[in-house]
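Quick notes on the structure that follows.
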Amino acid sequence: MGKRSRQRQKNQNASRDDRDNAGWGAGYADIIKENKLFEDYYKEQGLIPEGEFDQFMEAMREPLPATIRITGYKSHAKEILHCLKEKYFKDIQELEIDSQKIEAPQPLSWYPDEQAWHTNMSRKLIRKSPLLEKFHQFLVSETESGNISRQEAVSMIPPLLLKIESHHKILDMCAAPGSKTAQLIEMLHSDMDVPFPEGFVIANDVDNKRCYLLVHQAKRLNSPCIMVVNHDASCIPTLQIDSGGRKDVLFYDRVLCDVPCSGDGTMRKNIDVWKKWTTSNSLHLHGLQLRIAVRGIEQLAVGGRMVYSTCSLNPIEDEAVIAALLEKSEGALELADASADLPGLKWMPGVTSWKLMTKEGQWFSNWSEVPSSRHTQIRPTMFPPKDPEKLAGLHLERCMRILPHHQNTGGFFVAVLVKKAPMPWNKRHPKLRKSAPTQTGGSLAADVPRLLPEGSAEETEDGGPGGRGDGETETAGAPPAQEAAGKQDAVCGPPPSKKLRVFGYKEDPFVFLTEDDPVFTTIQSFYDLSPDFPKLNVLTRTHEGKKRHLYMVSKELRNVLLNNGERMKVINTGVKVWSRNSDGEEFGCAFRLAQEGIYTLQPYIRSRIIRVSVEDIKVLLTQENPFLSKLENDAHAQAKQTGMGSIVLKYIPNPNDPSEPQCPIQLCGWRGKTSIRAFVPRNERFHYLRLLGVEVFRDKQGLGQKSRDGAKEAAAAGKGGELENGDGNGSQEPKTEGGNKEQQQLKDTKGAVAD
């Protein structure tokens, strides 16, 4: 990839990054929010309802409201919502800053179950008051714990329109920075009692560095059903899976196609767009957007849904791409009517006529008006179809355009496509599974058609116009090569394949363990794993030497990994379930439990579980290595009967006591000789303490604490560290790679906690 291509890729990534990571304050120097070309262009296009253009421009110049989304699949979501509404939001309602009454956050009317909220407060404003500072710390802490996501409102729409079910195989084509990916994972885990949903998410991005941002976002959710890969979306490889002993093509039930765009819908947040916007941006991106959309449709199973979205209001990037895609499909695709899917959302229907303007201000209404000198920049697919009957049959009015002034949001475009039949250049019929099979242990997508042998006369999905056969080398991290799109009138397939080029870091291998691996001998007996524990789903990241960490993936992702090692560049997958403990062997097992994977692993663990109460958890999360006698009688008795080493601390809610949290809590811990401790990262400690009604607040310098009623206990916790420290009472804590870090986090927690 040359220098210009790398820069172009960087520019394309910027707009998606902007709309996914919604801002909490401008942070820009004063920029004149004027662009005459922009105003002239959209006035002429007629996208804004008559009489509303001034409102539209006024809204574009206003700061974007801050929005948050509560992680929906976690069982703690209702408790977090209750905490927000009954504590933080009530405090904000009574607050005035600089004689201005603060507007309390309001739920987004169209987002289910009050799981998304917006407010006009900026980051600067949040930090002006101690009460708002507490609110801000709550947001930061819960975001890092994966319980809240700060995400622009319109960015939440595409995953909702996909209608995800737990058995769906999902491809997120342009996923970084990962807010939408997180939504997809949440939907897969709608049932928390199922540790391994049969579905999975493969999240892709062309930018190697942004893939690691994507990994960070996904890891907050601790899911064994997510894989991050690094490819050019316009030619992402066709993957294979093993089904009943034969190789099949992997087709996805759902595809999210959130393409790179000019980003003029983000002007409220990304103020640079005001001075950089020009019509040539959309002309340069149209070909790439169409190629990515075509590749997404090729990988979609018949009966599946694909959502195409941009944060641009420009028809060249929106309806023009959809119209070209529908025309090339020759009836294989249908634009779905999603008008009833999000009640409360205000949107404008897609347009059926639009014009094209050059950056010099010259307008073209159809392809015949374009001079040959401009044929490399302007393509036929950028114009609406000429035939009125054909145009009406496309139902472009089913597209949805969200305008900023209608619900105080950013600008956005979204369209839902349903695949009715194979694409015209493909004769095979991959089928969409109607519902989840009764046994979750079934083979992956048994109904996916068999993979044709190389050289077969029958074409495969990616053997269409401009495509490539399965036997050709796939391209990883290849440049978008937008200009190449202009060399043929029918742009309907990925660019020609190129020699495999790998950019970025070389990843450690993904090595699956065998059922008879020696590592399982002590783990099996120490934790008394149930017979149905899926040992084959456990992997490590090294071929040689001692295994430092053990990870787990779902059976379906294991299938994908094992059959596509040479086809795709995997950045990350799996959730950590065990970490090597250098001193653990003397207690019976060299591996201690990891908090990240406890909810995945715990259903298979049948021993070393201590049931704890609310008061027990408070002690464990606020004191460093408390004596066993600090626990209540029931937990104390269980702990005395449990040998030294790694343990599970489990809280089961009491439905008859609504004053206590009504969600299960599972923590990793360590049983010492005479003491016990929890191994939980700092922000998760804060999260669980909030659920238990303990106020957690650090002052702005990060020193000490602020509290109302709990100063004495917190002081005791701070002083008691010396008396109750495991080094002095025979705790025999495990010495692990992250042990010092966790101890420091515990000390930080003690300094920030008050009842």
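Along the chain as shown, the residues are counted starting at 1.
Placed from the backbone N, Cα and C atoms, the Cβ positions cover glycine too.
These come from TrEMBL:
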- 1-21: region 'Disordered' (REGION)
- 56-420: domain 'SAM-dependent MTase RsmB/NOP-type' (DOMAIN)
- CYS174, ALA175, ALA176, PRO177, GLY178, SER179, LYS180, ASP205, ASP232, ASP258: S-adenosyl-L-methionine binding site (BINDING)
- CYS311: active site, nucleophile (ACT_SITE)
- 426-493: region 'Disordered' (REGION)
- 703-755: region 'Disordered' (REGION)
- 703-712: compositional bias 'Basic and acidic residues' (COMPBIAS)
- 734-755: compositional bias 'Basic and acidic residues' (COMPBIAS)
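For the pair GLY178 (S-adenosyl-L-methionine binding site) and the residue listed as 'active site, nucleophile', the C-alpha distance works out to 15 angstrom. A 10 Å cutoff on Cβ-Cβ distances gives ALA176 (S-adenosyl-L-methionine binding site) a total of 26 other Cβ atoms nearby, all chains included. As a whole number, the greatest separation of Cα atoms within the S-adenosyl-L-methionine-binding residue list CYS174, ALA175, ALA176, PRO177, GLY178, SER179, LYS180, ASP205, ASP232, ASP258 is 20 Å. For the pair formed by ASP232 (S-adenosyl-L-methionine binding site) and the residue listed as 'active site, nucleophile', distance between Cα atoms is given as 20 Å, rounded to the nearest Å.
A separation of roughly 14 Å, to the nearest angstrom, links the Cα atoms of ALA176 (S-adenosyl-L-methionine binding site) and CYS311 (active site, nucleophile). With the fewest other C-beta atoms within 10 Å around its C-beta, CYS174 stands out among the recorded positions CYS174, CYS311. Around ASP232 (S-adenosyl-L-methionine binding site), taking its Cβ as the centre, 27 other Cβ atoms fall within 10 Å, counting all chains. For CYS311 (active site, nucleophile) paired with CYS174 (S-adenosyl-L-methionine binding site), the C-alpha to C-alpha distance reads 13 Å.
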